[in-house]
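Under the heading transmembrane segment, TrEMBL lists 44-63, 75-96, 108-136, 143-162, 212-239.
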Amino acid sequence: MAFKTACTALNKFKIQFLALSAFIFLMLSGNAYAMHISEGILPFNWALLWFVVAAPFVAYGLYKLEKLSDIDPSFKPLVGLVAAVVFIISCMPMPVPTAGTCSHPCGTGISAILLGPGLSVLVASVALFIQALFLAHGGLSTLGANIVSMGIMGSFAGYITFKILRGFNTNLFAAGFAAGLIADWATYLSTSVELASGIMGDSSFMPLFTKILIAFVPTQLPLGILEGAITGGMVVLLYKKRPDLLIKMKVIKSVGGVANEA
């Protein structure tokens with residue numbers, strides 16, 4: 001009991017430390033760029049549509065969190081820690097002026113691997129809301145669209161990629177790398193769809209979509225590869241240092257009480 005209490009206290013300290021570090025980092029930054037889809041970019045009807053699409057996924061994430069927390073009270077601090085990691089990772093913007101937004105790592109690859117896609121959507125939603133409300137990164141009116149692209153598309157793309165590759169006995173680093181890469185690129189593919197749909201007016205969708213997608217390539221191509229490497233590295237590090245955590249989150253299996261990567 002005392003050990004469990006100590007672990008919970010340590011997790012809370014980690015969450016506070018990561019959140020404080022992110023806040024200080026952002027406050028000391030000389031330039032503040034609007035990341036994700038900026039406020040006012042999407043017309044009201046499109047912004048509302050993306051909120052409607054995002055709402056059931058966020059609601060499911062909340063339900064899942066409460067259900068798992070009832071089973072294991074130490075689960076919430078773990079989710080909070082992952083949320084802090086996603087918050088920090090997605091606070092590294094590279095402006096893309098021609099697209100009305102910016103490129104940045106997402107972090108939903110690692111959150112989906114550890115928590116599953118449902119909770120990963122919730123984690124991303126919290127990070128996006130805080131960034132929009134306090135840091136002017138993204139927007140409140142476009143929060144639904146950003147949740148759909150980064151939270152839903154990124155999480156499910158990364159999770160499905162990881163599970164498929166692990167089903168073929170792909171090693172943890174390669175599966176994690178692919179999950180981080182695909183989660184990142186899926187986010188910007190869906191962001192391009194949202195932007196093109198919202199601002200096309202009387203124009204054709206495909207030419208505008210293609211232009212926006214191409215505008216992301218110079219920054220998002222290398223960023224996706226970098227995020228893949230970071231995601232794969234984090235999974236391997238957890239396997240070496242905290243295999244019990246990966247077993248608890250059902251990322252790997254335990255064979256005879258020993259963590260099994262396969």
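Including glycine, each Cβ sits where the backbone N, Cα and C put it.
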Most Cβ pairs under 8 Å with the transmembrane segment (143-162), selected from 44-63, 75-96, 108-136, 212-239: 108-136
Same-chain residue ranges lying at least 6 outside the transmembrane segment (108-136) that approach it to Cβ under 8 Å: 26, 32, 34-36, 39, 54, 57-58, 60-62, 64-65, 68, 79, 82-83, 85-87, 90-91, 142-143, 146-147, 150-152, 154-156, 158-160, 162, 176, 179-184, 187, 227-228, 230-231, 234-235, 246, 249, 251
